[in-house]
Every structure is written in structure tokens, then in C-alpha cells.
Amino acid sequence: MSEQIVTPDTAALTVPNKDAKINLLDLNRQQMREFFKNMGEKPFRADQVMKWMYHYCCDDFDEMTDINKVLRSKLKEVAEIRAPEVVEEQRSTDGTIKWAIAVGDQRVETVYIPEEDRATLCVSSQVGCALECKFCSTAQQGFNRNLRVSEIIGQVWRAAKIVGAVKTTGVRPITNVVMMGMGEPLLNLNNVVPAMEIMLDDFGFGLSKRRVTLSTSGVVPALDKLGDMIDVALAISLHAPNDTIRDEIVPINKKYNIETFLNSVRGYISKSNANQGRVTIEYVMLDHVNDGTEHAHELAALLKDTPCKINLIPWNPFPGAPYGRSSNSRIDRFSKVLMEYGFTTIVRKTRGDDIDAACGQLAGDVIDRTKRTLRKRMQGEAIDVKAV
């Protein structure tokens, strides 16, 4: 496995062929202003169009009534606002909504999670995932490609448009975005960072940097670069108290071990305002794998120099997985040990598991360029992952 780190530039201003239109959802504000400058227009026109796009979820230039007709006609000739379409929707009894979203000839999944005081959108960054974490349904699908900026921010745009159109009492607007869907965000920096910039931009979705969270399994070179690119909340998929266990369940650990990963994490939060001096640790609870009290003591020792809060995540099963969910009693004992050490510890409430929308269950529909499924079959290992 190798990773390519690409920083945002003006590549989004290019189109596949001379007849194609530029999708304005691919452009952050800096790129949008450059686009309008190249059209001979003033930069403020970019701000006007972005406001229509993101504040009102408008994808029709003719509806942008504070823009003159001549410019609207020019825009229709060279540009478009095209978000990926929802092809299937599932609603959980707890209010969670999972959308299967078409990206080309494949699907990714986006999840809307309403709570009493907020509504969180879980967004995908890749079609599939190359990291092969053993407990994650997405990883069993293999990897196909990175999502474009328009396909990432388009998930937020599409969800905001749907939620905004629902007048039912209790449907909350999106207040938080977590990059915790399909894929490893740090292996797609050149698209993830501009998409998050749009989430934060006042002319975009205008979210607070503390309400946009990037979750990573530990692509250290990219994490080292991230702090110079954008400031958002950070969550790390740790899931183990030592390298022996993590090597097995999170294979990227063999390349960047826990010590290297945590050093990079501390470097990021030291210069981040969004994290307020601490990081969120994600720890999936696997029955008799990483959930013993001895593991809790080991985790506490490991994290003693890393300011953090710890989210314990009851594992969500999927067909063919080799693990079991930790019992409530084992999770409770684990949590109590951590709290005795003074760690803020939260047991995450499982949401959307009746529609396979819970953490680790997102599968989508992936044409596997890594041939992972074929390799597994040749090795005699059963694969039975549900696609939406």
C-alpha cells in the first residue's frame, strides 16, 4: 500500500475536455474567484454565486436574481452546479437517514444523524478504502478511487437540500460534519481539504471549525501536512492499546506505529484552535480482542501524554466479519478503568444499525480496483458484504 499526498491547487479549474462544463461545486472560494476573474468578472461575483449555491442550495443560475442576465447566460455556457444524486434512501427508527449517492457508476453512503441539540452528517471521501481494517465493512469492499471535491461537498449540499425541504417537526438542519464515512480522508487531501474549506467558508456552509471533524487511521505524512493546510477537529481511529493488536486490526500501523502516529497527532493539536488542546480517540470494542481491563490500563498508560477524550464504540457487525461485539458489562468495566485514570470517556450510542448505517457498516457499491474480494476468495475466506 502506498499513499500519494497532493495539496490543493488550481487543478479543479481544469475540465476533462474542451466541451465539458466546469462544475462549480469543485471550486473553493479562492478558485471560484479565479474562475470569475478569467471570465472578466469582479471577484465579488464569486461570493454572490457561492451564497446562492450553499446558503440556498440553488443549482439553477436563472434563480440567482441579483446576478445580471448577461452573466447568467455566460455561466450557463461554461459552468454547472451538479451535485451527486441520491439513488436510495433508508430511514431508521431512531431518525437516522442513510443515503446511497451515485458517483459515476458506483455508490457511496452518507448518513444524517439527528440528536436533541444537533444534526451530524457523516460524509465519505473515497469509493471504498485501501486500508483494510479488519473490523470495517467498507474495507472489505476494496478501493476504487478518490472522490472529487464536488462529490464530497455535494454530499453535504444534497443532504442540506433534502433536510431543508422537509417541514416535519424535529428535522434539524445540519450543524456538524464528520469525515468518517467511506474511505481514509488523508489519502485524498487534494479534494478533502478544499471541500472542508467550503464547509467552513462564510459563503459556503459557514460551519465552525469545531463542528467539522476529520477522522484518520494514521497516514502520518499527510497528518503532518494537514496542520499547515486547515484547522478542523481531529479524531483518530486508534482501536488498540499496543502495536501487536493494532498491527492485526489496523494494518497501516505496520507502516506508522502508534508512537509515530501519536507524535504526529500531538503536533497537529498543538497548533490547532479547533481542537482546544485535545484530540478525540476512537476505540471500537471487539469482544476479547481489545476490550479487557488489562487493555484499558494499557490504553491509559499509552495516552497519558496525549490530551484527549475517548469514545468507546460498540462494534457493529456485518456478514462474514471475524469478530463479536463486546458485551455491555465488558464495555462498562473498560470505561470505568479509563475514568479512574481521569479520562473523559464516552460510550457512543449506536445509531442507524437497523439500516446498516452505524459506524463501520457503510459499504456502498464499489468496483474494486484493488481486487481485494478476488484475493479473499482465492485465499478461501468468505466475503459477504451487503451493498445498498
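Each residue, glycine too, has its Cβ placed from N, Cα and C.
What Swiss-Prot says about this protein:
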- Glu109: active site, proton acceptor (ACT_SITE)
- 115-354: domain 'Radical SAM core' (DOMAIN)
- Cys122-Cys359: disulfide bond (DISULFID)
- Cys129, Cys133, Cys136: [4Fe-4S] cluster binding site (BINDING)
- Gly183, Glu184, Ser215, Ser237, Leu238, His239, Asn316: S-adenosyl-L-methionine binding site (BINDING)
- Cys359: active site, S-methylcysteine intermediate (ACT_SITE)
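Here the features listed in Swiss-Prot are placed on the structure.
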residue : record                               : DSSP class
Glu109  : active site, proton acceptor         : strand
Cys122  : disulfide bond                       : strand
Cys133  : [4Fe-4S] cluster binding site        : coil
Gly183  : S-adenosyl-L-methionine binding site : coil
Ser215  : S-adenosyl-L-methionine binding site : strand
Ser237  : S-adenosyl-L-methionine binding site : strand
Asn316  : S-adenosyl-L-methionine binding site : coil
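Checked against Ser215 (S-adenosyl-L-methionine binding site), the recorded positions Glu109, Cys122, Cys133, Cys136 differ in C-alpha distance, with Cys122 being the nearest.
Per-residue pLDDT, averaged along the domain 'Radical SAM core' (115-354), amounts to 94 for this model. When the CA atoms are compared, the recorded positions lying within 10 A of the residue listed as 'active site, proton acceptor' are Cys122, out of the candidates Cys122, Cys133, Cys136, Ser237, His239, Asn316. Residue density at Cys136 ([4Fe-4S] cluster binding site): 27 other Cβ atoms are found within 10 A of its Cβ, drawing on all protein chains shown. The binding-site residues Ser215, Ser237, Asn316 differ in how many other CB atoms lie within 10 Å of their CB, and the one with the most is Ser237.
The Cβ of Glu184 (S-adenosyl-L-methionine binding site) has Ser125, Gln126, Cys129, Ala130, Leu131, Thr216, Ser217, Val219 as same-chain neighbours under 8 Å, each 6 or more residues away in sequence. Largest Cα to Cα distance within the recorded S-adenosyl-L-methionine binders Gly183, Glu184, Ser215, Ser237, Leu238, His239, Asn316: about 19 Å as a whole number. Considering other CB atoms within 10 Å as the measure, the emptiest surroundings among the recorded positions Cys122, Cys129, Cys133, Leu238 are those of Cys133. For Asn316 (S-adenosyl-L-methionine binding site), the nearest of the recorded positions by C-alpha distance turns out to be Cys136; the candidates were Cys122, Cys133, Cys136. For Cys122 (disulfide bond), the spatially nearest entry among the binding-site residues Cys133, Cys136, Gly183, His239 is Gly183, judged by CA separation. The Cβ of His239 (S-adenosyl-L-methionine binding site) lies under 8 Å from the Cβ of Cys133, Phe135, Arg246, Ile249, Val250, Glu282, Tyr283, Val284, Asn290, each on the same chain and at least six residues away in sequence.
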